[in-house]
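Q: As listed in Swiss-Prot for this protein:
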DOMAIN    104-287  domain 'ATP-grasp'
BINDING   141, 178, 179, 187, 211, 212, 213  ATP binding site
BINDING   248, 260  Mg(2+) 1 binding site
BINDING   248, 260  Mn(2+) 1 binding site
BINDING   260, 262  Mg(2+) 2 binding site
BINDING   260, 262  Mn(2+) 2 binding site
């Protein structure tokens, strides 16, 4: 298999692990910076160049796309798709998951439970918007934030109103959610590959914080997700069109609640904590999907 990995940084742990495992499996692998890919769009002739040379002949591409380059990098991924290259996470699926509002709407439509969420635009509606949510504490989230950045806990209604008005003044898109106190500032990261959860870790927020992201000083321990939690995680990934995803859940009195579905979850924390070789699970999944495609006589390139 000729495999491309879309990544801006070849030194990142996740990128290095995927390259290492794929080469160990006998595949030809190349890391491509999506911002150095440029494309020609012509009826019947989708093509792409990278640093002055044509890109062609790739059987699969694994996207490791950062939030800041989502728009351009998904256009590059879409061009790969139009050229007949398989991706475990298609461009449209990444766009769905990166837009928190859209993702929440799609998940709720599939009967997947989440913290109650409200969204609005006009400042005149702020008070009624918050009343739809219920009493504080409230969690205010930027619509396109990542790694816990742009997530604020508001413990008073007046503070929530002030935050909402300030963010609107900055023309920022955001959601406001109920705060689930019984989660005790912890969540589960369920790593989905294909139709199963291949690894799980429990993340606990640092003292004085409520965000459990490891990038913000949270800690992680090995965990086992219940059958219900695994089912919810897989359904959440598939509802957005993803086959590789990090699904973040919290445990509540009404069952598991989905916080977020990450289309490019990091491998370092989950592999170190769970002891699972997640990278090889991803490469195996790509191999299996390509075999299925080829057996259907539509194998490209």
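Cβ atoms here come from the backbone N, Cα and C positions, even for glycine.
Structural setting of the listed features?
A: Note on residue 260 (Mg(2+) 1 binding site): other Cβ atoms within 10 Å of its Cβ, all shown chains, come to 22.
According to its DSSP assignment, residue 260 (Mg(2+) 1 binding site) is in a strand.
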Q: Return the residue, from the listed binding-site residues 178, 187, 248, with the maximum count of other C-beta atoms within 10 angstroms of its C-beta.
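A: Its Cβ has the most other Cβ atoms within 10 Å: 187.
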Q: In sequence order, which residues at least six apart in the same chain have a CB under 8 Å from the CB of residue 141 (ATP binding site)?
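A: The answer is 100, 150, 151, 152, 174, 175, 176, 177.
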Q: To the nearest whole angstrom, what is the C-alpha distance linking residue 262 (Mg(2+) 2 binding site) and residue 178 (ATP binding site)?
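A: Pair distance, Cα basis, whole Å: 21 Å.
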Q: Using a 10 Å cut-off, grab the number of neighbouring Cβ atoms around the Cβ of residue 179 (ATP binding site), all chains included.
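A: The Cβ of residue 179 (ATP binding site) has 17 Cβ neighbours within 10 Å.
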Q: For residue 187 (ATP binding site) and residue 248 (Mg(2+) 1 binding site), determine the Cα separation and express it in whole Å.
A: 6
